[in-house]
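J.: This structure is in structure tokens; I'll ask about it shortly.
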């Protein structure tokens with residue numbers, strides 16, 4: 001039985017997030033520990049970390065994953081932007097360490113005009129530098145997320161994530177989160193039973209299923225192979241419901257924390273969590289009727 005949850009708001013401080021997760025039935029959750037669209041970072045206030053840990057225990061939240069800022073580009077070719085990106089991810093790592101958050105999810109980056117090989121080399125070198133700078137933070141798993149393949153982003157193909165991992169000095173500090181909408185946009189045909197199996201076979205061949213630490217559960221508005229990142233409500237997009245039934249029952253994924261980033265909003269996430277939990281229990285519940293609130297994560 002997987003832990004099932006969603007990306008919840010940390011408005012008012014990260015210690016507020018577990019209560020919000022508990023209110024919608026989360027077993028696990030994802031959050032931003034900082035303003036994800038600003039380079040400026042407020043320090044963790046005195047008592048905030050202890051309050052977060054207490055709230056997490058009180059509301060029965062299992063796995064917690066922080067999503068790093070969207071501004072970070074570890075493949076940036078501009079020296080100033082690259083330095084800011086490395087500093088920002090190091091700050092995210094420090095915050096997770098302080099709060100006791102065990103998973104730090106991030107997008108690898110975009111190579112711009114440098115080319116995919118140069119992008120992979122830069123990303124890996126930056127991650128190696130971060131780990132050397134923070135040898136005491138092995139309690140936080142650095143989680144590479146696959147991307148949809150828009151523009152010059154790195155990591156749409158599992159082989160690209162594998163190439164980054166192969167260049168790491170401390171690969172044991174890293175894991176991978178697969179976003180279903182991103183994988184679909186990148187061309188993995190997970191909407192069919194055969195395509196679902198083929199996707200995980202490819203993942204195992206390139207990366208190894210032992211490195212899979214979480215799933216982002218999102219349906220997709222655009223069709224397979226679109227290279228466009230636009231999430232849809234569970235079962236209401238181009239992927240359809242069967243892939244999500246598989247996600248919560250397939251032995252390869254059923255033990256993982258699985259987190260929603262759909263445009264449903266908190267009330268809708270509660271219904272999607274109930275539906276997924278019913279599927280995980282072997283039932284065949286009807287898809288809930290949910291308003292698309294255009295929440296973008």
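Every residue, even glycine, has its Cβ placed from backbone N, Cα and C.
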J.: According to Swiss-Prot, 229, 231 bind Zn(2+) 3; which one of 182, 191, 206 is listed for that same site?
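T.: As annotated by Swiss-Prot, 229, 231 share the Zn(2+) 3 site with 182, chosen from 182, 191, 206.
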J.: Pick the one from 23, 48, 145 that Swiss-Prot also lists for the Zn(2+) 1 site with 67, 107.
T.: 145
J.: Out of 78, 179, 292, which does Swiss-Prot tie to the same Zn(2+) 2 site as 145, 216, 261?
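T.: Swiss-Prot names 179 for this Zn(2+) 2 site.
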J.: Tell me, if you would, which residue among 107, 182, 216, 231 (binding-site residues) has the fewest other CB atoms within 10 Å in the structure shown?
T.: 107
J.: What is the number of other Cβ atoms found within 10 Å of the Cβ of residue 67 (Zn(2+) 1 binding site)?
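T.: Cβ-Cβ neighbours of residue 67 (Zn(2+) 1 binding site) within 10 Å number 24.
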J.: Cα within 10 Å of residue 216 (Zn(2+) 2 binding site): which of the binding-site residues 67, 107, 229 qualify?
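T.: So far as Cα distances go, none of the binding-site residues lies within 10 Å of residue 216 (Zn(2+) 2 binding site).
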